[in-house]
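The next block holds one structure in the form of structure tokens; read it before the comments.
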Amino acid sequence: MSSLTHVHHMVAWNQLLMIGWRPIGVLWFLYALFFMQIGAVLLRAHPAIILMSSLVADAVVLFTPSDALPQIVMDIIVQAPFFYIGFLMAERGFPALPVIRKAGLWSACSLVVYGLLACLMFEAHVGRPVQFIMLPVGFLGIFGLASLSRVFVMVHALSCVASVLERLGRASLAIYLLHILVLALVPRILHQMHVNSVSLTLACGTVIGVAGSYALYLGLEKIRIARFFALR
């Protein structure tokens, strides 16, 4: 099992016992969620302050890179603004996604522009797809996806697609929390099968990361322990 699940090195069982003070990098988002939620609880009455603090910390890390902090701490700092923007929007009563009354060709165009900008910035090493500097581009992608989902609802022939997306949307938290368990195995298994195609890896990772996580969630729900893992 460890030959399939290792990231940069073999993961031994004793590393799981020491996970509290010696984090395993592939699980960084669990630490990030924990510390971000602690911050949200401590400063729940001042969401704007905690958002500005996270933006300042992110800017410092972005423009003054240093090896003094562990990588997992850097990841938490980089991702914090995304969490606290959502926290501030929820506190102000804004919807999680923009309300789209109608959608047309411009919705597809916004997704194309988002994809091109993301690829250009990634190829130019400006930032990772989920980094603070990508926020404006990320909002464009969210707007495009919301518009595209409106098309699925409006067009009767696509109602089955809309139904599938609705089910996935209801299980989005579970998919997010479980995807790392499924997705981490995909490139390792393909490597063991001597498959090195980037496009095939992306396709398999996308399909298996969503479908596999959803199947795992349904299994946990079937045996009535999904609530125990806070997946509902």
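Don't overthink the numbers, they just go from 1 along the chain as shown.
Positions of Cβ are set from backbone N, Cα and C atoms, glycine also.
Annotated domain 'Acyltransferase 3' per TrEMBL: 13-217, in sequence order. Annotation comment: TrEMBL describes 12-36, 48-66, 72-91, 103-126, 132-153, 173-191, 197-220 as transmembrane segment.
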* To do: Could you tell me what the rest of the chain brings near the transmembrane segment (48-66), counting residues at least six beyond its ends with Cβ under 8 Å?
  => 39-40, 74, 77-78, 80-81, 83-85, 87-88, 131-133
* To do: Restricting attention to the domain 'Acyltransferase 3' (13-217), give the mean pLDDT.
  => 74
